[in-house]
Each structure stands twice: as structure tokens, then as C-alpha cells.
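Novice: Can you read through this structure? Questions will come right after.
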Amino acid sequence: MNSLLIENGRLVDPSVQHDAVARLLIDDGYVVAIDPLDGDLPPSIPRLNAAGKIVAPGLVDLCSELREPGRDEDETIASGALAALAGGYTSILCSSNTHPPIDSPGAVEFVRQKAAQARGPRIHVTGCVSKQRQGQEMAELGLLVDAGAVAFSDSPAPLANSALLRRALEYCRMFDRPIFDRPEVPELAGRGVMHEGCHSLVLGLAGLPTEAEDLAVARDVRLAEATGGRLHVGPVSTMGSVDLISRVKSRGIQVTASVCPHNLGLTDEKLRSFDARYKVHPPLRSGRHVETLRQAVADGTIDVIQTGHMPRAREKKMDDLDLAPFGMTSLETCLAASATALVRSGVLDWLTLIDRMSTAAAKVAGIKGGRLQVGDPADVVIIDPDFAWTVSESSFRSRCSSTPLLGCELYGRITETIVGGEVRFQSI
Amino acid sequence: MAASSASEFVFPTAWKRRHLLDLETLTAEEITILLDTAQQMKDATGNCRRKLSLLSGKTCANLFFENSTRTRNSFSLAAKRLGADTVEFSSAGSSVAKGETFVDTAKTIEAMGVDWVVTRHATPGTPHLLARELACSVMNAGDGPHEHPTQGLLDMLTIRQHRQSFEGLTVALVGDIAHSRTARSNLWGLSKLGAHVIVCGPSTLVSPRWEELGFEVAHSLDDILPRCDVLNLLRVQFERQVTRPFPSIHEYAALYAMNGERMSRSKKDILIMAPGPINRGVEITPEVADGPHSVILEQVTNGIAVRMAALWLLSNASDNATSPTS
């Protein structure tokens, strides 16, 4: 018997709208009891005192780039797993944009084996929508499902080929697996490196116009409506996207959406420094977009906050803005960045934030997780909600420390991450 | 007041900057110091022809990652007119072609003992990046479509020589504003000193967002022409454009080229400027480019004076810098 009693913590479980102090008893990897506990517990049961902390379902990320195989200089499955645990994640979906990409059962198996060795969070595989992520010919989606893929995406490349997206949505209905699309019309995005607005105008930097995203979202949701397939768009970053998603949801169309934390707290003004750390995808937008996105998370138009974890090696980010790649490390800062932007400012309560980062994400991915009821896997995160810390390069377990949040003061620290009843991360 | 020899140059105590990266972040006072110093340099050297020994023993490296004719030679001559040595670098055939980043290339050149790096690059912000990475002074000789501060200053010096003051002056920047670093430096510099600036060109090359920043936007040159004291005709930069922003050069010239007919409808004392290289028949016709209102070649001469002033000011301010990119 492998038991653990988490006591005195504020148990937050959005799946049942629970937010109150409670005890959680774990046994053999599963939740076996929630306060009030029946009967006396033997004193030999290990106890974890969570007084003053939040005890919640482990976080779930819909798209983490782990970069192995092929781009190990940015991240490996092992380093990404450590970063995920430190960020409170008990389940992550790894992106298909490895080299070679995850478009075959063998590639799925490679990730699963490496993930098992890493003993990090549960690592689920996102398979490619198209062969070689070329965006033309559908990958063998059925065989990828058999191998263990839980979702499909060519992200961060958008699914620009409308016919391919339509077919994939239709085809995936057989397997009840979602298609994730990062919405962007490539011809409109062009060589843009930042949000197209007054700042890009002054800096002379090529802009990414909002309509490049808006038009892709419009197309995506229309195809979801036409096919009945499970579509998840994101991460989104514009007011136009929010408006479109809101309208289709009100008509009952099955579409979900996500946003990244940097789009909830930072604006494009940061690029005034010409610092490549601020070159991220989706780009940092203007304040009006940021405010709309925050409200959309609050009212549920946007279902999920995903990390947008796109680690890139330091030397790659040292180049000029045209050549430096998009991307940032985010697994370890996502919760604190979101809590700082949304909970501290009063936009969300903790129950809703945990929903957007765990419960809703698990539902979109169609995986277990996001709840802590009796019989559920004991995937738990414990959070010190008021702990203030400053993001520094030395604090990362990820191979990449490039983030626009460097130097920012954030609130909220992960103190423990428990996967299947086992404490796999504990802050010092 | 004109200086007649090197000994008469007095360093302005208000100047603190170690780098010259843009005009947007300069104050009106700093811009005026640069213009005053440039005028002194020009006067003291007989139209920039004689040498001074203000910077003897110093070395200026010209790191040009983009092609250039006038700017590169102008910086080189400016350094030599002040008695400094120069190192010339171009990316073609260099270690950049072997995969070295431009930052490492610049650090290598700096390690050879240079006092200033003058840099031109296709990407906005590269001089700012170098200013953070290098110990020596950095001068921006053009960073993509962002800024070209010495071009802005030489344009302003030329205007000031003809108009004395910028207050009440209407200056139109005509052409490819979207891709013009000259336009951005002119916009900040001229507006800080009191001029009214109009950006004029096809709506695909002149964003309405300039109005949000306080500048007048126009799409008809004929409409604004009677109000203009100065026209700065900017080249259409086809090399920077992803999709063609107007149907044909023929149409562009019909709508925006400064020609004899338009000159007849302009103010009698209008100044015609162009940063060059000029495309005769596109943004300007030969009779205007070579006509009595054109100050295009004066701009070239003033470019040397402005760069001499900037090199001297930066060289003396290195100990007073307040931040890595100031």
C-alpha cells in the first residue's frame, strides 16, 4: 500500500465546483477519499501539510514542444519533463514538430519510451495531421491513434490547406480525436516578426496583422461546423478571434480555443527593446487585444490557457530579430504568469484558473485528468498562491531560459507536483 | 558661430550619449547640438574639404552588412577628415558568409582596437543589439526600415541652412514611407524641432497609424503641394516589398513624381530634397533633380559634416554614458 494524506489544504476541483479546505487521501496512485474521511487513519500514513496552499488537479498542457528527436539543443524529452513537473503539469501533450516529425507509429513509440524513462508527467503524443508536416497529404491518422496519439496537429505550422483540414476533421470523427490548428493565413503573415500596429510601424519591423489570424479562425470554425469534427483553435491572440469563437459557440458548434499566458499579460510595446526574447508566437499584441483575451478567458469563450512552450537554444535567440526564431520557454512560468495576470488583478478566481489550465484542457484533449474525485488518478499540484518570485535565467529546468518574463515579478509557486500518487517535484 | 580651427571646438557639456542609434529617443536639445556641431565642422573645414586633427589616433570601423555607396564613403571621409583611421568591412566574402553571426563579427572587429563601430544592417534594431554587446560606441548607418539618424540630421542641416528655423515650416516626406528609414528619422527629428510633417504616398505605403502618432497623412501630392516648404522625395524600395504596393511605376510616377508641371504649382522657394539614390523619372524628373530648387548635392556634403560631428561627440561622451544604449 502506497498512501499519502494531503491535509489542511484548500482543495480546488473545478470538475465539481469544489473550493474549500479538505483532506485528500491517496492510495496506490488513486484518490480514495475526500474529507470527511471515514474512520480513523493509521498514524503511519505519510502526511503532507498543505496549510495556506491550494491543492488542485495537476495541470494539463495541450502543446509543449519537447524538440526530441532532432532539436535536442533546444529541449529533450527528459529536460522538458522536469520543466513540466516544476511548472505543476501532470499531463502534457507533446508537439509533433520534432525532426523527423511524429507522423508514424514508430515516432509515437519513441516518445512514449523516452517519456517512460523520464518519469516526469504523463506525456501524451500529438501526431501530425499531414505527412512530414508538409500540409498536403493526410498522415496515417488511424495508425497513429492505434499507436497512442491522442490528438493531431501540425503546429506551430498552421493548417493552411483548407481541403486537408476539412478531410482531417471528417476523418477524425471516427476516432473521436481533436484536430488542433494554430490559426494563421501564411500569405498575410508574410515575414512578420511582431504584432502589426503603431509599434511595428515606428520600429520598421514587419508586422503580423490580426486579420492573418482572424481569417484562419473564421475558416476553421466554418469547417468544424460543416464536418462536425472536433476542432481546437489556438493559441489565439486577437479580438477578432474572440468575437468569432464567441459567435460560433453561441450557435452550439463544437469548437474550443486556447490562449498563451504571455498574450494575457504583455503587450507589443516590449519589442521597443528589439530583444528577441519578445519574439513569440502568437505575437505580443496591443493592450486592447490583451484585455479582450482576459475577459474571454473569464467568460469561458476561451476554454484553455496553454503554455506555448517553444524552447529555443540561447545561441538561436542571440541573432537579429529577422533571423531569431519565434518561441519561449513557458512550462515553468505559465501558472504564475496566468495567476499574476488574471487572479491578482481580479479577472478570475482560482477555481476558474485551475479549470482553464487543467480541467478544461483535459476535456479538450480527451484524456484523464483535470479532476480529483474518488477513483481518479492522483495527479495533484500544490500551489502557494501568494508567493512572489522574480523570473531569472538560473531558475529553469528547461534547456531554454529565453522568455519575455525574465525579470518580471510573478505570484504563485508550485510547491509539489504529484503524478499517480508519487511526489515527483518538490520546491526547495 | 563658426570655428576656424580644431582648438576652437568646445565640447558641449549637455551631450552625454555614447551611441547614436536613432532620432526618436534624442531630445530637441541633443539634435540641436548635433546640428550646431556639424555646422561648425563644415565651416572649419571649408565645406568639409580640409582636415582637422580632433580624432587622431582613433579608429572607426565601418561594418556594412548591406550595400552602400554614399553613406559608407561619407562616414569614411568624415573619420579621415578628423584624423582618425578607418577599417572597412562588408559582409560579402566575410566570416558572416561562413555562418558567423553579425554580433560575433562585430566583436572580432572591435577586439582589433576600434573606437566606433558604424553599422548598416537589413534588420531593425541591430545597432541597438550591438550597443548592448560592444564596449565601443555604435553609430547606426541604417537598420532596415527603422532609422537612419545621420541621414535625418543631414536633411535637417540642409533645411536649416536655407530656412534658419523649423518653426512654422511644412515638410512633406513623399514616397515609400513604409520601408524608409530616412522617413522615420526625419519624422522624429523635424517634429521635435517644430516643423509640421506630412507623410504622403500611396495608401499601401503610408499607414493611417501615422496619424495616431501625430503626423499628417496624405495620399495626394497635388493636394498638399501648395502648402509645402520642403519636399523630401523618397525612393520606392522594391527590394524590401513582399507584394507590389501599386499597379505600375508608370502610375506611381504619374501620381507622385515631382516634375516640372508640379514645380510650377509649388511655392516659389520650395526646397527639393532626396536622400538618394534617386530614380530619375520615378520619384523625381531630371529637370527637378538638377534644377535650381534642388539641394540634393548639398545634402551629400552636409552628410560628411554631420558624421564628423557625431563621431566627435560620441568619442568624447564615452565616459559620460548613463546606460548601455544611451
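Each position is counted from 1, following the chain as shown.
Quick reminder: no glycine exception, Cβ is built from N, Cα and C everywhere.
Pasting the relevant annotations from TrEMBL:
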type	residues	note
DOMAIN	B:18-161	domain 'Aspartate/ornithine carbamoyltransferase carbamoyl-P binding'
BINDING	B:Arg70, B:Thr71, B:Arg120, B:His148, B:Gln151, B:Gly276, B:Pro277	carbamoyl phosphate binding site
BINDING	B:Lys98, B:Arg181, B:Arg235	L-aspartate binding site
DOMAIN	B:167-313	domain 'Aspartate/ornithine carbamoyltransferase Asp/Orn-binding'
Novice: With an 8 Å cut-off on Cβ distance to the B:Arg70, B:Thr71, B:Arg120, B:His148, B:Gln151, B:Gly276, B:Pro277 Cβ center, who else from the chain surrounds the carbamoyl phosphate site?
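Specialist: After dropping the recorded site residues, what remains is B:Ser68, B:Thr69, B:Ser74, B:Ala141, B:Gly142, B:Thr182, B:Pro275, B:Gly303.
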Novice: Would you kindly give the Cα-Cα distance separating B:Arg181 (L-aspartate binding site) and B:Arg70 (carbamoyl phosphate binding site), rounded to the nearest Å?
Specialist: 15
Novice: Taking the residues B:Arg70, B:Thr71, B:Arg120, B:His148, B:Gln151, B:Gly276, B:Pro277 listed for carbamoyl phosphate, what is the greatest CA to CA distance in Å, to the nearest whole number?
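Specialist: In whole numbers, the farthest two Cα atoms are 16 Å apart.
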Novice: Let's see if you can do this one: DSSP helix, strand and coil counts over the domain 'Aspartate/ornithine carbamoyltransferase carbamoyl-P binding' (B:18-161), in that order.
Specialist: 64 helix, 26 strand, 54 coil
Novice: For B:Thr71 (carbamoyl phosphate binding site) and B:Arg181 (L-aspartate binding site), determine the Cα separation and express it in whole Å.
Specialist: 13
Novice: Looking only at Cβ atoms, how many others are within 10 Å of the one on B:Arg70 (carbamoyl phosphate binding site)?
Specialist: 15
Novice: DSSP on the domain 'Aspartate/ornithine carbamoyltransferase Asp/Orn-binding' (B:167-313): how many residues come out helix, how many strand, how many coil?
Specialist: 63 helix, 24 strand, 60 coil
Novice: Rounded to the nearest angstrom, how far is the Cα of B:Pro277 (carbamoyl phosphate binding site) from the Cα of B:Arg181 (L-aspartate binding site)?
Specialist: 14
Novice: By a simple count of other Cβ atoms within 10 Å, which of B:Arg181, B:Arg235, the binding-site residues in the record, is least packed?
Specialist: B:Arg235
Novice: Under 8 Å Cβ-Cβ to chain A, which of the binding-site residues B:Thr71, B:Arg120, B:His148, B:Gln151, B:Arg181, B:Gly276?
Specialist: B:Arg181
Novice: Return the residues near B:Pro277 (carbamoyl phosphate binding site), defined as same-chain residues 6+ apart in sequence whose C-beta is under 8 angstroms from its C-beta, sorted by sequence, else 'none'.
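Specialist: Residues satisfying the criterion: B:Thr69, B:Arg70, B:Arg235.
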Novice: By Cβ count within 10 Å, point out the most packed of the binding-site residues listed: B:Thr71, B:Gln151.
Specialist: B:Gln151
